[in-house]
Structure formats: structure tokens, C-alpha cells
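Chemist: The structure follows.
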């Protein structure tokens, strides 16, 4: 099934993924490729439009990202953003210079020549700038779109060739009319049809898996998280009972999580599920280990051993299902993968397993996986479940892991989640969890001195986990959470709220 494609050429800008996501929000399929993709490869992909991203370089800097001028002669619309606009201007005969006044932050754009990109947008437009170089003279055939106080040419366009450039970042929320301008580019200029939906994605993906994998066996390592759950359901729709999910309980799950996952898959989805309680095995391996990277390594290696043992019991397995996302594909620097590909030593799995991969989510961002989950009829509890790391509570118990610490943390986590669900805030938060530090503090309970653990609450909002901001609870809510945790969780006498954003902190503590 062919679909319209918009390509974002990545020049190293921090917003390249955001551009792709904004395009997809308009039901237009979009992929990111490196700026140095060959012109032949680009033509093979047959995009309906191209977006040139921003980037940290100067167009005159030695070794700065460049592109083939033939891109502008293919005959399809091109939109250059920030560095992308400067490069377009330079390659087509304009002049770019280092600006004496760098422009960072909000600016007011005065539109001098209205055009298809600015249609329906008011003349004085708030935009977000982040640049040093500026276009001093537009290329032949181009017009100036508008200016800001410090940038005389803040946008340019050639209506005959459908080439447009903006010095500002229309993809960020700080440019309020940016989405409208992007919509104008996609539909007024590129004449796209907005036919890419999660429903069509499901249909297309299931058919592709059916064609290549029907009648052959596949296994899926299930975590209970949304990625592996949605991946498993898509594959089950394609190959039915030939899929077996393996759910390894490493003893580091949240309260009652193993029961919830088993009930969901065995009763509601009727998927073949192998449940392995390997909690003692994992905890024995982790005894005395305090370094977070060592914890991750031990858990990863042990998971592989358990998974391999169970997969061999099934016998004659051809495929391994993974919940790889498009962000993983982009980060690895590879081109977009097909749903099914040949692969050895997957995630450290021994080469002799000789499995091919099925990755039904490798074209999707995290928020799109949630949309697919809704299309598949998954409950809100699963769809909006907060992200949970592979090593589980091992990296939320700081220092050495013991059964006592895990029990305390599980209970605290359950109490916080319960309270926030009661008052209707749980689903407003992107990620929420508690942390148990490797210290005890003095307190008073009743008339007696206590010496117990503190609990740290971490709650953040984010779009993709790359950056995050701490959630602003009211003082009343924090007081309720503190009272419940300290009174209901044995071994805790202090409650702390982490108000650090990412960056400088990471979301997880380890």
C-alpha cells in the first residue's frame, strides 16, 4: 500500500523529531533521514515534500552539513527551517552572513509579502528564534516573506518553485501559529491528502506481517508496558496462535503488576502466555550490587538467559517480536526498517537462536503507539500507563536491593498512585514514580523516635522523554500524599518531592 511521504532532512537540529511529529499530527506520514542522503536514494523514496531542519552549524563553517542543489530541482515543495533556510538561500545564489545581533527567544514577525505559507495568519506574528547567521540577500526568483526587529529577512519564498524558508522555528509551541503555517505547507502548497491514520497503519502492518510470517512461530518478550503489549496484539492479529508471549517476572515489578498482566493477556486477549517467576533467581544475582549500570547489566543478561530457556521449550521459533520505536531507529542512525528484518544477536540474544525480527512499531513515536492502543480497544489504564524502565524497581531502589526495600517502595508507589487516581490527577502526569534512597532519617512516630527511610516522589510532564518538566502539585495535594505515605507505609518517616527538570537531571534517579 503506497502512502504520501514527507521527508525531514536532519542537519543536527534539536527539533528534527519534533518537526516529524508535528507533520504526523496532520495525518501525513513523515520520516527523518540524514542530510547527506544521496539524491538517487531520495528520488527512490519519492517524497511528496521535503523539510530541511535547523542545525547548530554555520553554512560557511568548514565541514558544515551540506546538500545537493538538485533537491531544489526535483519539482516538489521544500520548506527550510532556520539552518535549512540559510542553506537553501546560499545554495540558490543568496547571501548569508554572520549576524552582529544573535537572536534567541521570542520575536515579533512582521509579514511583508503574504503568501500560501502565511495564509490565515495575522501580520504581526509571535515566533521563536534561535540563530546567529542571517540571510542578507534572497536568491534570484525569491521574495522576502517578513522581518523581525533584528532580522530583516526572517522568511523567504519562491512561489513558482514552491520553495519556502523561515528563520524561526514554526514547529515549537513558542510559535503559536506555527502549526497553522505547517498545515498550510502540507495542504496549500504540497497538496497532500491527510490519509495516514492509526487505523490505516494497523491494517497495513497486520497485512505485511501476515504475508511474511503466517504459518511460522514467533515469540515476544512481554513486560506489561504499552510498547510490548501493542506489538504483541498487532502480531497476534496477523498470525494468531503462532505467537507466544513470554512474561518474565524478575521480582522488580510494581505492586500486583504480574497478576494484572497475566489476567489481561490470558483472559481478555486470549494470547498464548508463558509466565516465568524468576524473582528469586534475579534477586540472588543482584545481592550486594550497588552500581546502577551493573544492576542493568545483570538484569539484562539474566533476562536473556531465562528468555532463551523458555523460547527453546516452544521449539521451531522463526521470529522475535520487539517493541522498537521510531525514536530507536532514528537514534541508531539507520534508515527506517521494514516491519520484518533478518537479525542476529538481538539485544544480546545468542547468535545460535538465529531469529528474524518483527518490529511492528518501528515507524511510530511513543504518542502514536498510544493512539494505536486506543484503536485496538485497550483500556485507558494500559494506554495511559506511565513509562516503566526495563530494570524495573532495581533502579528506583538506590544502592543495594533487598526484599524489604522493594516491599517498602512498592507500597509507597501504590499509595501515591491510588491517591492521585482518586483526585483525578494521575492521567494528567506523563510519568510518576517513587524512589527509595539508600539512607535512613530520624523522625518521631507517636511518642517514639523512628529511624526509617525517606520516600522521594518524582512526577514529570514530557512529550517524548528527551526533556521533561516537574509537575506542579498544589500544596494541599503534596500534604495529602505525604500524610498517606508516612502513615500507611511501614518503614517510612519522611516524604520528599523532586522539583528538578530534565536537563539538568534525568527523569530516573539511576
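Counting starts with 1 at the first residue shown.
Backbone N, Cα and C define each Cβ position, glycine as well.
Quick paste of what Swiss-Prot says about this protein:
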ACT_SITE  82  active site, nucleophile
ACT_SITE  169  active site
ACT_SITE  171  active site
BINDING   223, 224, 225, 226, 227, 228, 229  ATP binding site
DOMAIN    5-195  domain 'Glutamine amidotransferase type-1'
DOMAIN    196-385  domain 'GMPS ATP-PPase'
Chemist: Can you give me the residues near the recorded ATP site, meaning same chain, not 223, 224, 225, 226, 227, 228, 229 themselves, Cβ no more than 8 Å from the center of the site's Cβ atoms?
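Modeler: Along the chain, the qualifying residues are 222, 230, 231, 323.
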Chemist: Do you know which of the recorded positions 82, 226 has the most other C-beta atoms within 10 angstroms of its C-beta?
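Modeler: It comes out as 82.
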Chemist: What mean pLDDT score does the domain 'Glutamine amidotransferase type-1' (5-195) have in the model?
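Modeler: For the domain 'Glutamine amidotransferase type-1' (5-195), the model's average pLDDT rounds to 91.
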Chemist: How long is the line from the C-alpha of residue 223 (ATP binding site) to the C-alpha of residue 82 (active site, nucleophile), rounded to the nearest angstrom?
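Modeler: Residue 223 (ATP binding site) to residue 82 (active site, nucleophile), Cα-Cα distance: 41 Å.
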Chemist: Counting other Cβ atoms within 10 Å of each residue's Cβ, which of the recorded positions 171, 227 comes out lowest?
Modeler: 227
Chemist: Report the nearest neighbour of residue 227 (ATP binding site) in space among the active-site residues 82, 169, 171, comparing Cα positions.
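Modeler: Closest recorded candidate to residue 227 (ATP binding site) by Cα: 171.
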Chemist: Quick one: among the binding-site residues 223, 229, which has the most Cβ atoms sitting within 10 Å of its own Cβ?
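Modeler: When each Cβ's neighbours within 10 Å are tallied, 229 leads.
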